[in-house]
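Asker: To start, I am sharing the structure in question, which I have written as structure tokens.
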């Protein structure tokens, strides 16, 4: 079956709007928990960055980017409590939201807003496994790209082929990660979850899923950036800026998960 891109993207936005009250209910406690940790860390240290990841709901990048410097290390040193809190709060939110998208509101009835049980553990395990599976091509692409990132100190002209190979590997990596990400809604609804199943389900839909992901995320990220810029120009205090960042981040996460959940529902 070929994934209908426009219908899938439209349904993702429609689902977020249709279930906006459920979304607010599911996200309220996780956002509040992360906000408390962020404010506490800000008061006890020099203060973390409020830049939070705009995960696509596939689990990749959850918790990354929060309170980090240019090298990816937590701002000001230390373990990055804001990033850890964001990761832990995102897991139960994604579990509940995926279940709602794939199976309907009845699937989350009575589910606590923050829970760390078997489902969350399986989800985190698959995030780690996916990262390990993609690590090899990522290292290959990075190795090929290093001479072009660092520059040729000898002054000799570098061949274009390694750069093209690096770009090719990177694109393959992105497409593979998008296809394999359908494993996450399967975990959430407690259906058979495996990389071969996700790969077979998405057969012939690599570019369709990629286009759908772009159409879902780019407008939301741009709109979120505009809101953050407006909040910054208003000179809001740290606590309000962090709250704005969290609301934007969880909304984008919900959109991405809605798209992957809808794709899973159609292709399974």
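Just so it is clear, glycine is given a Cβ too, placed from its N, Cα and C backbone atoms.
What TrEMBL says about a protein is an automatic prediction, not a curated fact.
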Asker: Transmembrane segment per TrEMBL: which of the ranges 1-22, 23-44 is that?
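Answerer: TrEMBL lists transmembrane segment for residues 23-44.
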Asker: Compare 23-44, 160-188, 209-232 by their Cβ pairs under 8 Å to the transmembrane segment (238-260) and return the stretch that comes out on top.
Answerer: 209-232
Asker: Counting Cβ pairs under 8 Å to the transmembrane segment (81-102), which of 23-44, 160-188, 209-232 comes out on top?
Answerer: 23-44
